[in-house]
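Below is one structure; the comments refer to it alone.
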Amino acid sequence: MAPSTTTFTATYTNSTDLSPSFTLTKDVPTTTSTHSSTSSSSSEEMTTSDRAKYLHELRQIAATFQDDINRELTQRMEEDNKRAGQNGGGDQSKGKEAEAKEEENYGEEVVEEDE
(Lines of atoms letter the chains of each structure in order from A and count residues from 1; the text may use other names and numbers.)
(Lines give C-alpha, C1' and ligand atoms only; values in the text may rest on other atoms or scores of the structure.)
Protein backbone atom coordinates (compact mmCIF):
# COMPACT_ATOMS: atom_id res chain seq x y z
CA MET A 1 0.00 0.00 0.00
CA ALA A 2 1.46 3.40 -0.99
CA PRO A 3 1.88 5.96 1.77
CA SER A 4 -0.89 8.54 1.87
CA THR A 5 -0.07 12.19 1.35
CA THR A 6 -1.59 15.59 1.99
CA THR A 7 -0.91 18.58 -0.22
CA PHE A 8 0.13 21.85 1.40
CA THR A 9 -0.50 24.91 -0.72
CA ALA A 10 0.74 28.49 -0.36
CA THR A 11 -0.78 31.16 -2.59
CA TYR A 12 0.44 34.74 -2.94
CA THR A 13 -1.65 37.42 -4.58
CA ASN A 14 -0.24 40.91 -5.06
CA SER A 15 -2.92 43.52 -4.44
CA THR A 16 -1.21 46.02 -6.75
CA ASP A 17 -1.02 43.66 -9.76
CA LEU A 18 2.65 44.58 -10.27
CA SER A 19 3.84 41.03 -9.78
CA PRO A 20 1.89 37.97 -10.86
CA SER A 21 0.42 35.81 -8.15
CA PHE A 22 1.91 32.38 -7.53
CA THR A 23 0.95 29.12 -5.88
CA LEU A 24 3.39 26.59 -4.48
CA THR A 25 2.37 23.08 -3.49
CA LYS A 26 4.18 20.38 -1.60
CA ASP A 27 3.05 16.80 -1.03
CA VAL A 28 3.52 15.73 2.58
CA PRO A 29 3.16 12.17 3.84
CA THR A 30 0.39 11.92 6.43
CA THR A 31 1.97 9.09 8.44
CA THR A 32 4.53 6.37 8.04
CA SER A 33 2.20 3.85 9.65
CA THR A 34 -0.06 1.74 7.45
CA HIS A 35 -3.32 0.94 9.22
CA SER A 36 -6.41 -0.22 7.48
CA SER A 37 -9.62 1.48 8.53
CA THR A 38 -10.89 -1.74 10.12
CA SER A 39 -7.81 -2.53 12.21
CA SER A 40 -7.42 -1.45 15.80
CA SER A 41 -5.26 1.66 15.82
CA SER A 42 -4.05 1.00 19.36
CA SER A 43 -2.30 -2.22 18.34
CA GLU A 44 -0.56 -0.60 15.35
CA GLU A 45 0.42 2.83 16.69
CA MET A 46 3.64 4.38 15.48
CA THR A 47 6.65 3.73 17.63
CA THR A 48 8.50 6.64 19.20
CA SER A 49 11.28 6.15 16.67
CA ASP A 50 8.79 6.22 13.78
CA ARG A 51 7.19 9.40 15.13
CA ALA A 52 10.57 11.08 15.56
CA LYS A 53 11.53 10.16 11.99
CA TYR A 54 8.18 11.41 10.66
CA LEU A 55 8.46 14.73 12.55
CA HIS A 56 12.03 15.16 11.30
CA GLU A 57 10.79 14.69 7.72
CA LEU A 58 7.99 17.22 8.31
CA ARG A 59 10.48 19.80 9.63
CA GLN A 60 12.66 19.33 6.55
CA ILE A 61 9.67 19.69 4.22
CA ALA A 62 8.47 22.82 6.06
CA ALA A 63 11.94 24.41 5.87
CA THR A 64 12.20 23.64 2.15
CA PHE A 65 8.71 25.01 1.56
CA GLN A 66 9.57 28.21 3.44
CA ASP A 67 12.78 28.60 1.40
CA ASP A 68 10.79 28.21 -1.83
CA ILE A 69 8.26 30.83 -0.73
CA ASN A 70 10.98 33.26 0.34
CA ARG A 71 12.81 32.81 -2.97
CA GLU A 72 9.61 33.57 -4.94
CA LEU A 73 8.79 36.63 -2.83
CA THR A 74 12.36 37.96 -3.05
CA GLN A 75 12.32 37.59 -6.83
CA ARG A 76 9.04 39.52 -7.05
CA MET A 77 10.29 42.21 -4.68
CA GLU A 78 13.38 42.70 -6.84
CA GLU A 79 11.25 42.91 -9.98
CA ASP A 80 8.94 45.46 -8.30
CA ASN A 81 11.94 47.53 -7.20
CA LYS A 82 13.37 47.51 -10.73
CA ARG A 83 10.02 48.64 -12.14
CA ALA A 84 9.72 51.36 -9.49
CA GLY A 85 13.25 52.55 -10.31
CA GLN A 86 12.47 52.68 -14.01
CA ASN A 87 9.15 54.47 -13.51
CA GLY A 88 10.14 56.84 -10.71
CA GLY A 89 13.73 57.52 -11.59
CA GLY A 90 13.73 60.48 -9.16
CA ASP A 91 15.82 60.70 -6.03
CA GLN A 92 17.65 57.37 -5.74
CA SER A 93 19.14 58.18 -2.30
CA LYS A 94 15.71 58.33 -0.66
CA GLY A 95 14.85 54.94 -2.13
CA LYS A 96 18.07 53.42 -0.85
CA GLU A 97 17.48 54.85 2.64
CA ALA A 98 13.95 53.45 2.70
CA GLU A 99 15.21 50.08 1.48
CA ALA A 100 17.92 50.02 4.15
CA LYS A 101 15.31 50.83 6.81
CA GLU A 102 13.04 48.05 5.48
CA GLU A 103 15.91 45.55 5.59
CA GLU A 104 16.75 46.60 9.15
CA ASN A 105 13.17 46.04 10.30
CA TYR A 106 12.42 42.98 8.17
CA GLY A 107 9.86 40.74 9.85
CA GLU A 108 9.11 43.21 12.62
CA GLU A 109 6.06 45.36 13.06
CA VAL A 110 7.18 48.98 13.00
CA VAL A 111 5.03 51.58 14.72
CA GLU A 112 5.61 55.12 13.49
CA GLU A 113 6.15 57.57 16.32
CA ASP A 114 4.45 60.97 16.38
CA GLU A 115 6.89 63.84 16.24
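Each Cβ is built from the backbone N, Cα and C atoms, and glycine gets one as well.
Some features that TrEMBL has for this protein:
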- 1-16: compositional bias 'Low complexity' (COMPBIAS)
- 30-46: compositional bias 'Low complexity' (COMPBIAS)
- 68-83: compositional bias 'Basic and acidic residues' (COMPBIAS)
- 100-115: compositional bias 'Acidic residues' (COMPBIAS)
- 1-53: region 'Disordered' (REGION)
- 66-115: region 'Disordered' (REGION)
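Under DSSP, the residues of the compositional bias 'Low complexity' (1-16) split into helix, strand and coil as follows: 0 helix, 8 strand, 8 coil.
In terms of DSSP helix, strand and coil, the compositional bias 'Basic and acidic residues' (68-83) has 16 helix, 0 strand, 0 coil.
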